[in-house]
Structure formats: C-alpha cells, structure tokens
C-alpha cells in the first residue's frame, strides 16, 4: 500500500498539503510573527512586508498570523470531531449491519430523519438554545453528521459480514462480540478511515460556513470563516482580506479530499457502493 501511495500523484499532493497545514498548526507560535489578537493601529490595512507577510486587517492585526492560528483552530476541531464520528459510526453501524433485525431498522429510520435536516438548521437550533462557543460548534457538527457515518459504516460492514470467513467464524462457534471486534471492525476500519479523511474536509468547510454566518464563534476569533465574515464590509476596497482565508479553506479541503479519494481508490473494493 505504501508503494502505491508514493506512486500516486493525487495522494502525494494531498499528503503534502495536509503535512504543511499540520506543521503550521503545531508550530503556530513559531511560524506566526505576531499574536493573532495583537492590534497595531499603524498596521491597519498595511501592505505586505517582512513584519506583516500578508498585510494587516481592518483592525491592524497581522493577517498571516491569524491565518496560521486559524489552521490550529480548524484542525483542532475537525480532527477530534471526525475521530468521535468514526467511533460512533463504527460501533453503531457495524452492530446494526451484523445483528440486523429491529434495531437495524430503527437506526435506519433515525438516520434518515437526521440526514433529512440541513446542517445549518441543526446548528442554529443548538446555538439558539446553548449559545455560542467552540463546544457548541463541535456538538452541532456531531449532531449534523453522525447519521452519515453510521450509514457508511453499516454499508461497509454489511458487505464484509456476507463474506465466507465471517460465516466460518460463526460455524466454528465464535461469539458475536468476538466476531464483531476481532474480525469485522478491524477489516472494515481501513476503508472507513479513508472516508473519514475526506470527512475532515467536509467538517472544515462546515465549521468555516458556520463562522462565516456568525454562528458559533465569538467575535474576533482567529478562524478562517470568521475572518471572512469580519472582512465582508471591505470586500471591494481590500478583497484579499476575504480571499486569503478562502484560499486556506480551499487548501485544507483540497488536501484531505485528494488524499482521501486517492486512498479510497487504493483500498476500497470496487463492488462496494454507498
């Protein structure tokens, strides 16, 4: 698999973009020349310079520093969120696919109901009740997307559960829990992680969309969508204040999508359709 990945241009481009973003997020205090919240009146709408590589924003804050710390915030929310979604999806989806019956039908209906609701409606409802904050944004994303992950996991597990080695394990007298955790989930997990990789891109865009609409994050937060929201009134006079955060959102989404799609082609059997 490693050899196929290294010889796949799409996977390598995506991996390079992901690594650059991760390094930027981890070493944000070193990479950023200023604090993301530092205001300098003289730097208001400043031009590009060594001190302000991408200029200053409408309040005199370093645009580059805010973009770098925005990578830390976006990845810091998206990656743990998708991790939780993977755990929920694997446990519920594989259990439904393996055991079937009434529980499977109930969860299928529940998933259909949640999938029918737009993410924005769920986010606005939760934020209206719980207020703004990073935790509320995380909860909104979880409630919006968990049903999709359960459905995908169920699809993969249903195809895997029909294979001969699962039937052989049943005939040999293996317990259902043992089959589920020792055979089914380990064999489905690599394919599901590939889907989760592209899911990180979706979560980043979802978070940026929420914050662009002014939902979830307090004013002044160094987050890509929030930065675009704050700069809307300066779109025609200083368009780069909106374009730069948009470029970073695009790079993050493109990196995870390219890598996830390439790994799917390498790992996922062609006979599994979602």
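Quick reminder: no glycine exception, Cβ is built from N, Cα and C everywhere.
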Range annotated as transmembrane segment in TrEMBL, from 40-61, 106-127: 106-127
Per TrEMBL record, range annotated transmembrane segment [choices 133-150, 151-168]: 133-150
